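Chemist: Before I ask anything, here is the structure I am working with.
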Amino acid sequence: MGGYITMETLNSINIPKRKEDSHKGDYGKILLIGGSANLGGAIMLAARACVFSGSGLITVATHPTNHSALHSRCPEAMVIDINDTKMLTKMIEMTDSILIGPGLGVDFKGNNAITFLLQNIQPHQNLIVDGDAITIFSKLKPQLPTCRVIFTPHLKEWERLSGIPIEEQTYERNREAVDRLGATVVLKKHGTEIFFKDEDFKLTIGSPAMATGGMGDTLAGMITSFVGQFDNLKEAVMSATYTHSFIGENLAKDMYVVPPSRLINEIPYAMKQLES
């Protein structure tokens, strides 16, 4: 592969220091779309990951049953009804980066949410596609928008999206599939692989203690937040992915399993430690 994300590589990428005269509008306007009536935890983890990663303004479009929990667990985020198309259109227009998928569900409502987003997203925006949204993309096979698109599949989701069975997912076949797809891909696995248009990277840190539900939602939120804050997409994706595994590996030294909510709490401390 093209290179390895190690601490040395991250040092050259770095997490930028915040400017003294900055304000919340300088750190990304984020929209998260997901969380069906039964899967609200996924979008909540993603939202909290955005908050703890430093996003300036966060809006969550989710099922009304999740609103009270979000207000309680993530008061920093604004919350709107995912079914309110007028408000959703307004928020899409105001947003820099959009994450769709965590807890979205794969029924017709999820299909409709993706179709609506693709009709309204603009070329200057960033789109991060995770979880259920990847499954829906695999079924609908819509034309990708002209904005910058990042997919964050685990191995089974990548099988659906690429058509490559898990046991046949070699680097060469994955690279060919990414080229056909025409997007950035963060393939979540032991030794996560990141595919860009012109080069690829393999993560060399992490821990099996991170193999728990919600960890991918957390990573998707971090990637969305970093991409919304930092100008260079490649550096943002690599920095978010590295930081996620960096925290997990460190926590695993003292914890048998690393809950995503615990990892989220450590994000700002790790970012400070890795700050340029």
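Backbone N, Cα and C atoms are what each Cβ position is placed from, and that goes for glycine too.
The structure displayed is predicted, hence computed values, not measured ones.
Annotations per Swiss-Prot:
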type	residues	note
DOMAIN	7-274	domain 'YjeF C-terminal'
BINDING	Ala42, Gly105, His154, Asp217	(6S)-NADPHX binding site
BINDING	Gly216	AMP binding site
Chemist: Do you see any of the binding-site residues Ala42, Gly105, His154 whose C-alpha is within 10 Å of the residue listed as 'AMP binding site', and which ones?
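Modeler: Of everything listed, what lies within 10 Å of the residue listed as 'AMP binding site' (Cα to Cα) is Ala42, His154.
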Chemist: Give me the mean pLDDT over the domain 'YjeF C-terminal' (7-274), rounded to a whole number.
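Modeler: Across the domain 'YjeF C-terminal' (7-274), the average pLDDT comes out at 94.
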Chemist: Would you work out the biggest C-alpha to C-alpha distance among Ala42, Gly105, His154, Asp217, the residues that bind (6S)-NADPHX according to the record, and give it in angstrom as a whole number?
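Modeler: Result: 16 Å between the two most distant Cα atoms.
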Chemist: Pick the one among the binding-site residues Ala42, Gly105, His154 whose Cβ has the fewest other Cβ atoms within 10 Å in this structure.
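Modeler: Each of the binding-site residues Ala42, Gly105, His154 was scored; lowest Cβ tally within 10 Å is His154.
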Chemist: Tell me the Cβ contacts of Asp217 ((6S)-NADPHX binding site) under 8 Å, same chain only and six or more apart in sequence, or just say none.
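Modeler: Within the chain, Asp217 ((6S)-NADPHX binding site) has Cβ neighbours under 8 Å at Ala42, Ile43, Leu45, Ala46, Ala49, Pro102, Gly103, Asp130, Gly131, Pro260.
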